[in-house]
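Structure first, commentary second.
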Amino acid sequence: MAHGAHGSVLVVNSGSSSIKYQLVDPVGGGAIASGLVERIGESEGLVKHTYAGNTTTRTDAVPDHGAGLRAVLALFDEVGPDLAEAHVVAVGHRVVQGGSVFGSPVIVDDDVVAQIDALAPLAPLHTPPNLTGIQVARELLPDVPHVVVFDTAFFRTLPEAAATYAIDRAVAKAHDVRRYGFHGTSHQYVSGKVARVLGRKLEDLNQIVLHLGNGASASAVRGGVAVETSMGMTPLEGLVMGTRSGDVDPAVLIHLQRNAGMSVDDIDDLLNRRSGLKGLAGENDFRELHKLVEAGDEDAILALDVYVHRLRKYIGAYHAVLGRVDVIVFTAGVGENDDIVRARALEGLEAMGIAVDLERNAGRKKEPTIISPDWASTLVMVVPTNEELAIARQAVATVEAAGYEGTSDESDPAPAAAGHA
Ligand code: AMP
């Protein structure tokens, strides 16, 4: 296969009880193999490995992340592809929080691990499992460079006015309280892809990027540079999400602690796991939510209304931040698949030059697609995100810049046509 000629990248996303991975061809852009390990630490684990259209499943116990990654490497050996033949030039790790320290990907060494570890208080749920994944991967694959790509890095450019919370500066400084932004790899990839698909210079485009997945965030991107985003110090701020509240008055937390007898951990659990669509309607998957709405379920109707209302507020706000908006782009699970959310998010904005053509909008979009009518002054697009490919390409660029042997001909493949429906 072609990937052998120019190398591949193993992309690893390590969570608290799971490891997701993909062996990526950074030139062609495809996934050569992919899989996940789930239920790490439970009595029965789950390992799924997909290669050449076949999925192999194992349910042996996976006591820890080391055992999980060993099981994955064993499956590469057993069912392929052979990692030696795939010529892995780098392992790319997704790390959620890079704080104010990391504005670009870095090659992992012990200092980098220590620096990421020092940022753990800012992302206590994510950073420890991210680091565990890095450590076991370094042990099991010691001969390739490991590169960390940070979810926050694209938002290191946020202007101070956007990044600063209006609280006592000394307190904020002492505890690194500021807005970092997340999903940066996706916002960067998608805004770059928009320019390539349109054949326009990224520098010339003002974009609002709506990454709507189970987690959701919006960003304002001026000429390829992020100037505002909806997630803040943590991925809890901003839009309504699957299980996260997004914006609430901070005094709600004080009230619940003072008057509802809730502990800090209770409130953490409430806002991160029992809120959002799940908290409002008992359902966080839009496919199920729409069924409830159609059946007249009032909680589901309100949940969808709250979700859309919040999204529209952000779109309006980012319009003011940018002044002129050339492209509004939807991405991730909801953004790529849910034509109802897309249509409702931009309904009634014709006076702003924004509209969705219902025929172009209809259905799921697997390719970059323009869904606005021809007369609209702002293009509305759906562009599928691909965080693994973005991480793989950044990993290759990082190891090549550091003088490692990399891929021979890294280039962007020809953009897919903006498929008008
Ligand atoms: P992500 O986090 O990007 O993987 O997005 C996951 C979410 O996308 C799910 O929770 C669903 O709400 C949504 N989703 C996935 N497929 C569809 C679909 N066909 N129609 C509507 N929403 C979908």
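Placed from the backbone N, Cα and C atoms, the Cβ positions cover glycine too.
Because the structure is a prediction, the values reported are computed rather than measured.
Record features, source TrEMBL:
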type: BINDING; residues: Asn13, Glu387; note: Mg(2+) binding site
type: BINDING; residues: Lys20, His211, Leu212, Gly213, Asn214, Gly215, Asp285, Phe286, Arg287, Gly333, Val334, Gly335, Glu336, Asn337; note: ATP binding site
type: BINDING; residues: Arg94; note: substrate binding site
type: ACT_SITE; residues: Asp151; note: active site, proton donor/acceptor
type: SITE; residues: His183; note: site 'Transition state stabilizer'
type: SITE; residues: Arg244; note: site 'Transition state stabilizer'
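Feature annotations (TrEMBL) mapped to structure.
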residue: Asn13; record: Mg(2+) binding site; Cβ neighbours (10 Å): 21
residue: Lys20; record: ATP binding site; Cβ neighbours (10 Å): 18
residue: Arg94; record: substrate binding site; Cβ neighbours (10 Å): 23
residue: Asp151; record: active site, proton donor/acceptor; Cβ neighbours (10 Å): 25
residue: His183; record: site 'Transition state stabilizer'; Cβ neighbours (10 Å): 29
residue: Leu212; record: ATP binding site; Cβ neighbours (10 Å): 27
residue: Asn214; record: ATP binding site; Cβ neighbours (10 Å): 17
residue: Arg244; record: site 'Transition state stabilizer'; Cβ neighbours (10 Å): 26
residue: Asp285; record: ATP binding site; Cβ neighbours (10 Å): 14
residue: Arg287; record: ATP binding site; Cβ neighbours (10 Å): 11
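When the binding-site residues Asn13, Lys20, Asp285 are compared by Cα distance to Arg94 (substrate binding site), the shortest distance belongs to Asn13.
Here the CA atom of Asn214 (ATP binding site) lies 9 Å from the CA atom of Arg244 (site 'Transition state stabilizer'). Ligand 1 lies under 6 Å from the Cβ of Val334, out of the recorded positions Arg94, Asp151, His183, Leu212, Val334, Glu387.
Asp285 (ATP binding site) and Asn13 (Mg(2+) binding site) have their C-alpha atoms 22 Å apart, to the nearest angstrom.
Residue pairs drawn from Lys20, His211, Leu212, Gly213, Asn214, Gly215, Asp285, Phe286, Arg287, Gly333, Val334, Gly335, Glu336, Asn337, the listed ATP binders, are separated by up to 23 Å at the Cα level. Checking each of the recorded positions Lys20, His183, Leu212, Val334, Glu336 against Asn13 (Mg(2+) binding site) by C-alpha distance, the shortest gap belongs to Lys20. Cβ neighbours within 10 Å of Glu387 (Mg(2+) binding site), excluding its own Cβ and spanning all shown chains: 22.
A gap of 12 Å separates the Cα atoms of Asn214 (ATP binding site) and His183 (site 'Transition state stabilizer'). Neighbour counts were taken at the CB atom with a 10 A radius for the binding-site residues Val334, Glu336; the maximum falls on Val334.
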